[in-house]
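Student: Taken from Swiss-Prot, the feature Zn(2+) 1 binding site applies to Cys1445, Cys1448, Cys1472, Cys1476, supported by sequence analysis. According to Swiss-Prot, the feature Zn(2+) 2 binding site maps to Cys1464, Cys1467, His1484, Cys1488, an assignment based on sequence analysis. Annotated compositional bias 'Basic and acidic residues' per Swiss-Prot: 30-41, 160-174, 307-327, 410-455, 744-791, 815-851, 1012-1022, 1032-1051, 1141-1150, 1164-1173, 1183-1198, in sequence order. Marked as compositional bias 'Pro residues' by Swiss-Prot: 190-199. The compositional bias 'Low complexity' feature in Swiss-Prot is assigned to 254-272, 282-306, 799-814. As annotated by Swiss-Prot, compositional bias 'Polar residues' applies to 997-1007, 1295-1313. As annotated by Swiss-Prot, region 'Disordered' applies to 1-20, 30-60, 142-339, 381-455, 561-583, 647-678, 744-851, 977-1052, 1122-1198, 1292-1315. The zinc finger annotation in Swiss-Prot covers 1445-1488 and rests on sequence analysis.
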Amino acid sequence: MSTTTPEKPEEIIDATGTSDTAEKIEVVISKEEPAEQKNEVEEPDYAQVPAESEDDAAQELAPTDSAIQVVHVLEAPQKAELVTIPLAHSEAEDHKLADADRDQEEELVFNEERRKTVTMDDNASLRSASITFDANRDEQDLLNESFASNPTDETVLMQKTKDEMDATSERPRSPLDLPPPPASVVLHPSAPPPPPPPLSSTEVVGNTTTTTTTHYAPKTWNDPSITTAPKIPVSLLSGAQPLPSVLTQRTTTSSYSAPNYSASSMSGVPSDVAPPPPLPIPNQSSSSAASYQHHHASSISKSISSSREDLLSEHATSRSTVREIPVHRAPSTAPSHSSVFEYHMMPTTTSTYHHVETPSDEYYRREVMTRTIITRSTEALSQTPLGRPASPLDRYLPYPTTTTTTSGDGRTREEKTVDYKVTYHRDIEEQERRIREDQARRQQEEQDRRDREDNARRILAQREHQEMERLREQQNLSERALAERERADKERLQQERLLRQQREKKRREEWDRLESIRLAEEEAELARRRALEKERIDREKAEEERKTMERLERERARLERERLEEERRQKEKAETERIERERREHERIEIERIERIKRERIERERREREEKKAEEDRLLRERLELERIERERRELEARERQELELQRREAEDRERQRLEDEAREMRRREEERREAELVADVHRQAEERERLRKRQEREEAERLERIRLEQQKIDMERIDAERRERERKEEERREFELIEAARRKKEARDRDRLDEMERERVREEEERREKERREQERRIAAEKERKRRQEEEEEIARLNELQRAAAARQAQRNAELDRQRQRDELDRKAQELSEREMREKERRDRERANEEAQLADLLERERHNQLIRENERREAVERANNRRLEDRRSRDKLDHIVRERSEKEQFELEKRRLLAEKEAMNRKKNHLLSSETLAKLTQPMYYTTREPEVTTKVERQVIERIDRNVWVEDVPYAPSQSAMGYLDNDENNRDRLYNPNDLNRNGSSRSRYQRAKNEKARRDFYHSSQDSADPVTERFRKSTDDLTTRSRPEYRGPLLQKFHDSEFRTTALNETDGLPYRRMGPSPYEQPFAKLLEETERRYAHYNSRASNPSIYQSSRYYYPERHGQPQHTDNTRAESVVAYERESRRESPADQAHIRSRSADYLMDRRIREETEVPENQLQKTRVEPHDQSPRESRISEYEMRFRKSTEKLTVPDWYRENRPQGQTAQTSTYRYGNGVEPMSTTTTTTTVINGTSSHQQAPPPVPPQPIGNIGLPRGMFDRYKDDIEELRRSRSSLHQTGQQETSNRQGSTLSVGGIVDQGHALPGYTVSEVPNAWNLHTSRTSRVVEVADTFVGTSSHEYGNFTNRYGGRVTIEEVLDSIFQKVTPTNQRLNFDRSYPQADELFQGNVDGPGIYTNNYSVMRQVLKSPERAEHILQNEELFVRCTECHRTRELSAARLFFVSCKHCYTYYCSRECRHNNWPNHSGRCSFARINTLCKDVIMKVREDEQAQAFMSKVARDGFSVSGRGSVNIRLSSPQLAQAYVSNGWRALSAYPNDQLLYYYTVKALIAERKEPSLIALCNRYEPREKFILSVSIIADIEHCPETPPPETRELSAVQFSSPRSRYEAIQNQNAPYFSEFAHNV
């Protein structure tokens, strides 16, 4: 098998001389080579010179494997001498050789640029060169070059050399004889090559016509007289060097394929496949005839004609091998590319000769090249420098190192070839004629080929059709045979079935006759046996009754004895217990007496220790003061020494810092170098990883391609399987009728068997009474059944063949299904693999992005480090400058230290003097008759009001305790105050009538008024006589006696004790330290503040309207009223939080001249501002912050506040209050909470009352203050605000003796505590969630929960604000009312700025996250809504409402939110978009599923209100339960939500399948508390009217995966525990309610 390889056209470059004729010849040669030779032949790369125009690029190829030439005449040829070659052939042979020559020639390539590079020197040198060949010399002396200046000598020498070679080789004298073929192309002996056609050429030059004919004679190819010429392609040249003028070619193979000669023309159609290049010819030596014959015995070359015109042109020579032609004249020319060549860089070339042609004959020019092989030894004879060879031929005939050959004796030789060209011309008409004939012939051949293909295709289609007809006929025959067999089988089976039926009918008739006879006999025998059995049973029964009576009598006697013994033991046990109780009571009383004595002794010892410790402390303070003064002096001296040492160390530090800076700079430079290396290494690693990734991607692409091919294979198998499946279905359809007939027969047998089994069952019922006969009948029936089964087995055997066939088909089908599953598995694996590869690709992309990010980060860090280093450089420079400055200032600093030392010594002397004066002033001030003492005695008392005659005991104790404290005023002074400033105070000016400090002291006119009263009392005291009846003196004396005789804790009142214990709280769930306390009740002192507040609200009404917008609370809590164009900062209390109390103090109200009283009590009750007190001018001044004054206000403590502070510094908790703290008393707590943001709104009102050892939990309005005990009312004075707390403390102290009894009763009774935390996730949830109790005995899953909702609406149907029962269906909750308002709002296009933060959210803990999404910022209004949800529409009609998104907390005004806000489909949860609703579903799904069940419970309640039948059943259960157990509620228990929905849809008849005792239950109040039911349900059960109403609750058992649990009750009093922050309180509540908090997330 041979392959046709196209070969690039090769450029042949002429370097023999200049010429004006430019031609271009392109040749495409087709070559057939054996397959086994393709790997051995190295095809050279032939260069092609590009065309300079479109005409130059024209090519026309014949459809055969011969070459086509295109010759373009580009310019006028150069005139040259015409060379005539004598021919020895006839004219006919000339035409044949001309045709063959036309097929073997190539186009001449013209390149005008080459001609321009030829110099005159080159032309002259080349024209003067001549070559002399000596054929008689041996191989070593093969080449002998001689140069002459006469050009004619060259021609003579060449002709002489040619004649000698012809005589030596003994070849034919034909001038155009062909050389022998090479050894590599020897033909197979069985297929000799055909002789080539003759080649003829006709040339017209002027008026002379020259015809040349080349004849190819069939002769032996191994003719020794034939020579070959090597040829080297252009591709061996370097790309940077000019092309050589002559190319040679070398052959390295030993095979030859016969050339295919066919007529062609230049206008023919090019062939589809370009012909391959000619076979290379091995390099041979031509030194002698013997060596020539030895090396060229099997060589052959192509015939190429040459002419003198070709030798004179610049065109490149052909690749074709040529025979030697004697040349008479050889003018040389320069190389076509450049004039300078190195012989070792260029292939071997030859000289060419040219002659002048006419321009009209250029198109028909043909080229024949003759090659003469010239060898040269490796000694490089007469070699000139490489720059310019000595001979003109050397520059054109280089000897590359690769073009060498080895002779027979092993010595290396280099070879050189010289090409000669002869061009012939032909007639144009002859060429056109041949072209037309070739075209017609090719068209005819193509038409014949197409006809043959059509005939073959038609014959193949006929054969396929006949084969299909044959197969179809065979299929029909097999189907008809199968149908005939099936029909015969059916008929046979039908006949057999009829025979069996007849035999069975006869057998059954015989069996019935025998059975009737047997039954008659059995009936008679059975009657006889029944009579005997009845007599035996009567006897046994009588005997058993007698024995039973005897046993019962013995048991009765034994029980009576045991009862008497048990009564005796009980009496003895009761007596023993009574004696033991009396003994324990006596022991307890004795222990209490001993403990009381011990406590009194311990208290006495403690007082003695305290007095002793006080004395020791006083002496210690005096000693410490003296030591402190001495220590200060020593410290001053040590400080001076330290400063001198510090100066020295600073100098050393500066030097050390300089050295460190230099070292740091060196380290910085080293770090920069390392970081640069690190960045370069990272870049290198990234490139390596990128290369690996690309390789992995390439491997993945290949793997995907393999998977695609496998997928195609799987698809083909699937198609084949589907075809086979269709064939199987067709076979099964034909077999279905047989199987169906067998199935019907089997069903008939089954029916008979069932009938027989039914009769057998009847017989078994009769055989219970007669076992022996029954056994015989069973054996007979078994024998009959065995026969029937035998017949069935025989019938089944006949069907085994069909079943086996069906089984085989089923097995085949299963196999196909298995293969299908395998294919599906392969598909799945392929899909997984592709997905895995996709993920890997994404991972690689991510890694690449990460690496890029890391590189960017490294660069950014490098830039940042660079900035840091620059800053360090600047800082180092600055430090150096500072060190130079500090060195200059060191002398000045030493002088300054000396001056400071002297000034400090003077200051110390002045300080000692002033301290002495201060002590003298203090002694004078503490004198009995000093102005300070008189001011204390004459100031208004704390309890003094307009009705001073009424004073409570608690107030007297507090006031007396305060009055007994000595008040000392210590005025602090600033450190910068001068030494003489201590003398300029009010103590030094005490006796002056006018004190300038009075105007600035506390900034109040009350101090001036008080001081005037003190001065008047002092003067009266000095001038009046001592009166023993003076009440002031008597009271002072009494107070002094009490201080010395009574223990200090006994004078401590409960009010102060409660203050120090932080018990002035109003909530049990919130940490309120640091917040204003709530309002306790009305007071006359609130009137001035109310007026001021009303005026403030009137002035800032526009602020209240803006405060409802939550966006103003984003950044600041101050509002900015316009005042002279400047914003005035005022502290905003944020519209009063729900947990913020209405704190109103006399300190914050303006001074009232009609009523002047002390502010100590207000200061006592307000812990938040105790550390920072301001002048009580008015409320606005209290929190105003001036824009230009940003410094904090300095605290100015008034004399009364200082006095009270000193009086309460050392107070302790009295023992009577600590030991007898009230326990189990009525504790009323009211908590209102309304959260912001995601923090919920909740209202919890809890009242826990202990009565007779029981506890009840009720939901009630806020508590009413209790009435005072003993009909003693507190005066309307300064304690009016706190009278509730004082009254409570008085009650607790007056009833201390009742505490022990109440504790005893509490221990004996069953105390049930209902927690104060009743937060279910909604404001008024009305439902509970719990696990299914075990007592219910229901089979439920682990995730089943019981959702219970109570019908808590028991109010009247009419209301002052409308019939809301009809409007809301009786379900009045916060969510339902707010949702109805939201649905009624008309949407607008208003777009408000939303606030993503939590507007008005305080930092206190909020109990849940399910507060209503619709709210208003007016907390007082929201409190009213919480109390009365049914009045929500009326309360909120003038308020601005907002809606908040549960997911992103986006806030909108109600009308604007109506456009795009959406809600959950099952509950009242709002979202700003469907995306937020989708994103929040994982967190909301648990509660929402719970809410759906809650809604379904409410639907059941509403259905019951309309269902009279249900009400009748429930009313009966309620009456019976109340008459038996007391108050309680009726509960309807539904086992699933589907059952509840069925009841809502169909009414009570949907529950008719369930008994009432499985649906309706009655729970007492005690059971509800024990099961922790909804507090509102318990409250309703305690107050409803049983004769008129009943309470209903609905329980649905639902399987909810994440259902919130009912929070457990609070087991301890959180208000009694101190917390450092709201966060700590939140954590405490969270730990206590772990099950509840585990289901919901809370935000604090």
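Start at 1 and count along the chain as shown; that gives each residue its number.
Including glycine, each Cβ sits where the backbone N, Cα and C put it.
Map these features onto the structure and tell me what's around them.
Tutor: Every protein chain considered, the tally of other Cβ atoms within 10 Å of the Cβ of Cys1472 (Zn(2+) 1 binding site) stands at 22.
All protein chains shown were included, and the count of other CB atoms within 10 Å of the CB of Cys1488 (Zn(2+) 2 binding site) stands at 16.
Shown for the compositional bias 'Basic and acidic residues' (744-791): DSSP residue counts in helix, strand and coil, namely 45 helix, 0 strand, 3 coil.
Here the compositional bias 'Low complexity' (799-814) has, by DSSP, the following mix of helix, strand and coil residues: 16 helix, 0 strand, 0 coil.
Within the compositional bias 'Basic and acidic residues' (815-851), the DSSP-based counts of helix, strand and coil residues read 37 helix, 0 strand, 0 coil.
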Student: I'm checking region-level scores; what's the whole-number mean pLDDT for the zinc finger (1445-1488)?
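Tutor: Residues in the zinc finger (1445-1488) carry a mean pLDDT of 82 in this prediction.
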Student: Per 10 Å Cβ neighbour count, which of the binding-site residues Cys1445, Cys1464, Cys1476 ranks highest?
Tutor: Cys1445
Student: State the Cα to Cα distance, in Å, between His1484 (Zn(2+) 2 binding site) and Cys1448 (Zn(2+) 1 binding site), rounded to an integer.
Tutor: 14
Student: Which number gives the other C-beta atoms within 10 angstroms of the C-beta of Cys1448 (Zn(2+) 1 binding site), all protein chains shown included?
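Tutor: Looking across every protein chain shown, the total is 16.
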Student: Work out how many Å separate Cys1467 (Zn(2+) 2 binding site) and Cys1448 (Zn(2+) 1 binding site) at their Cα atoms, rounded off.
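Tutor: A Cα-Cα distance of 18 Å.
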Student: Apart from its near flanks, which chain residues at least 6 from the ends of the compositional bias 'Low complexity' (799-814) lie with a Cβ under 8 angstroms of it?
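Tutor: Sequence-remote neighbours of the compositional bias 'Low complexity' (799-814) are 725, 728, 731-732, 735, 738-739, 742.
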Student: Which whole-number value in Å describes the distance between the Cα atoms of Cys1445 (Zn(2+) 1 binding site) and Cys1488 (Zn(2+) 2 binding site)?
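Tutor: On Cα coordinates alone, these residues lie 16 Å apart.
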Student: Around the C-beta of Cys1467 (Zn(2+) 2 binding site), how many further C-beta atoms are within 10 angstroms, looking at every protein chain?
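Tutor: The answer is 20.
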Student: Measure from the Cβ of His1484 (Zn(2+) 2 binding site) and count the other Cβ atoms within 10 Å, all protein chains considered.
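Tutor: I count 20 other Cβ atoms within 10 Å of it.
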Student: Give me the CA-CA distance between Cys1472 (Zn(2+) 1 binding site) and Cys1464 (Zn(2+) 2 binding site), in Å, as a whole number.
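Tutor: Approximately 11 Å lies between the Cα of Cys1472 (Zn(2+) 1 binding site) and that of Cys1464 (Zn(2+) 2 binding site).
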